[in-house]
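**Q** One structure coming up, written as structure tokens, with questions to follow.
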Amino acid sequence: MPTTPTDHSHAAHSARDAAAKPARNSSAKRSYRFDLDGLRGLAIALVVVYHVWALGVSGGVDVFLTLSGFFFVGMLLRNIRRGTDLSPWPVAKRLIRRLLPALVTILTAVSIATVVLFPFTQWNNIATQVVPSLFYYQNWQLARTTGDYLAADPNTSPLQHLWSMSVQGQFFVATLLAVYFAAWATQSVLRNRKDAAAWSTRAAIAVIVGATIASFLYAALRIQINPSWTYYDTFARTWQLLLGGVVAAALPYISVHRHLRLPLAATGLAAIVLTGVVLEGGLVFPGPWALVPVLGALAIVVAGERNDSDTRGNLVESFLSTRPLVWLGSVAYAFYLWHWPILIFYLVAADKHVVTLLDGVGIIAISLLCAWLTLRYIEIPLRYSTRNPAPLSARRTHRRRTTYPAIALATLAAVLVTASVGWIQYLDKRTDKLAEPLDPTLYPGATEYTAAAYTPRAPLRPSPLDVREDHPLTAFDQCIADIPTIELLRCTYGDTEADRTIVLAGGSHAEQWISALHPIGIERGFAVETILKVACPLSLDPEPTHYNGVPYLECSDWNAASINYIIETQPDFVLTNSTRPLHHAPGDFIPESYADMFVYLAGNDVRVLGLRDNPWLWPFPEPADCLAMRRGADRCGAVRADVLSAVNPADAIADELPTMESLDMSDAMCNATTCPAVVGNVIVYRDFNHLSATFVRTAIPELDRQLGDATGWW
């Protein structure tokens, strides 16, 4: 992960040039800041160690972002002050030469390794991230899918770590254009004044300071509302980069007494090292708590800047300038790119979920080797491709050595884009056929268990490649409320003209049964009104549930509105989930908030159909991936006693409440000992806890029987 988009020699120039006027001792020669190379090395070490051994968020990425802003903005301000041509293209070319060669290399390596090591069911996960990674918008894709970056597992994308590269890429482009435009506009107005360059620099600094404040306030607000999204949000991350730029502009006017440099640098170093120990970065970054590593890095920057004649460094500066840390800083970008995919591919190949001490050391060693090779044979030759030797023959030789790799990388990038887009389009065409009816003689599905139907040999349906997209009707009709929505979203299925109504209410585990309720309603003459919300089971919980680590207040509000609506409208029945898996112990249970709701509804004369939740499987690997690896239906499923209690926990309260009936579809998906991933040639699960719509449709006869008994309608 880079801390500067240009040749690092730019970092050696004094940040004093960034100001609008010369600072004191500006004529003094500025020494190279080896300690900042070492700081980068320390930051990448923290990032890798925390990633490999799943320790959480280290704060190292935040240090990288701050240093990137310091170097990049400092370079732009120097260009403005010197009266350099304000065309953004020269800087953009340096960015491309600095960033793309290693990035294309890692994307190519990951794509090849994915085909070799990953089951084909996971290829789409990688394909959908290649193009966003290459064009620097992957962080927004992860924000939409709320990718968990706190721990690695075999299901995690080997490209997930590139979110921070996307943030930086967007920052580089936006800052380059905004700062240069502010300077150009000022120069245009003051073109005849001798101090036009100085005023242009001040205008650019004003833009930087204003954007820093705005981004910080935005991050402080958004982190309280949606921390998962905010973690990847470029606008929320921008202040971390720009604050480095603010320091680059102010550094010529900052003079730290030599006796204070060591305490300042030591405090900064301690803040960086302790960030991952004392803070839950995944929940609070990039909010105000991210100031801890950011200010820690800037404290080291300021403490090492000497505006007087004193050339003596402090102890922290000497430590960061040691050869191992400086070397680590030189390979930091490539090291960052390589370590995460190597970790993920190791977990897949070794079929592990955690890394031992010895495993981790090996992963780090291999990552360092790949990083050095990338730097030596790819980054350096292409980064300095314009610095040709003088003799004609030497220039020709040099041109061949640099042009051919550049053409090869461009070709690889084109192939990556074409292959990724082509694979995604191929899958889209396949999923269009998911709703087509199956031959019940070949695909009995649930009736293999409920009606002892014969199951011949036949290919699995949906195929493991398609089953993840086998969603219920309501998902395609957009009839389930998303996370922010509080208002009730009601849709009607079944016989929409019928006088009898069943309200299907709850989260996605209630939603999945619409694939059976809709045709049953049409056949039996009742309407199915849906009141559904993502990750929000119907309950009477006084405390808000949590989603992605924060209180899910929208769910609490939605539940209150749903229950009030149900009581006011008095439908014939309400169908909702009655149990939850225990997770920490074998079996399932009825949450107290569910039981309280059933009692409350009974007190308001609302009749309830409590449907036992389906078994949840262990999420690693997911059933589709497990089946793609040909591990067998039983091995890809679960032991029944591990996921279901011997007796339906909701039966007891249903026996006490005359207004409640208990439904249990467990025997449609489990035999006496096992809940397999495949029943009757039909894949049961589209992920580790949701049923495939195709399987639910094969359970129509059993659900029809139980509904008839519970309602007395047929």
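Quick reminder: no glycine exception, Cβ is built from N, Cα and C everywhere.
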**Q** With TrEMBL as the source, which of 1-24, 145-168 is set down as region 'Disordered'?
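**A** Going through 1-24, 145-168 one by one, TrEMBL gives region 'Disordered' for 1-24.
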**Q** What same-chain residues lie close to the transmembrane segment (99-120): Cβ under 8 Å, and 6 or more beyond its ends?
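**A** That would be 2, 5, 126, 130, 133-134, 158-159, 162, 165, 169, 333-334, 337-338, 341, 345, 348-349, 374-375, 378-379, 382-383, 405, 409, 412-413, 416, 419-420, 464-465, 621, 625, 628-629.
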**Q** Let me check one thing: do the transmembrane segment (237-255) and the transmembrane segment (59-78) come into contact, meaning three or more Cβ pairs under 8 Å with sequence separation of at least 6?
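**A** Counting Cβ pairs under 8 Å (6 or more apart in sequence), the transmembrane segment (237-255) reaches the transmembrane segment (59-78), since there are 3 or more.
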**Q** Checking distant contacts: for the transmembrane segment (262-279), what same-chain residues at least six beyond its ends satisfy Cβ-Cβ under 8 A?
**A** 42-43, 46, 50, 55-60, 62-63, 256, 285, 289, 292-293, 295-300, 302-304, 314-317, 319-320
**Q** Do at least three CB pairs under 8 A connect the transmembrane segment (354-375) and the transmembrane segment (325-348), leaving out pairs fewer than 6 apart in sequence?
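**A** Yes; at least 3 Cβ pairs under 8 Å.
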**Q** Short question: which residues 6 or more past the ends of the transmembrane segment (285-304) have a Cβ under 8 Å from it?
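**A** The answer is 33, 35-36, 39, 43, 57, 59-60, 62-63, 65-67, 70, 216, 219-220, 223-224, 227, 230-231, 233, 236-237, 239-240, 243-244, 247, 251, 254, 256, 260-262, 264-265, 267-272, 275, 279, 313-314, 316-317, 320.
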**Q** What mean pLDDT does the predicted model reach across the domain 'Acyltransferase 3' (35-375)?
**A** 93
**Q** Should anything in the same chain at least six residues away from the transmembrane segment (203-225) have a Cβ under 8 Å from its Cβ atoms, list it; otherwise answer none.
**A** 20, 73, 76-77, 80, 175, 178-180, 182-183, 185-186, 233, 235-239, 242-243, 245-246, 249, 284-288, 290
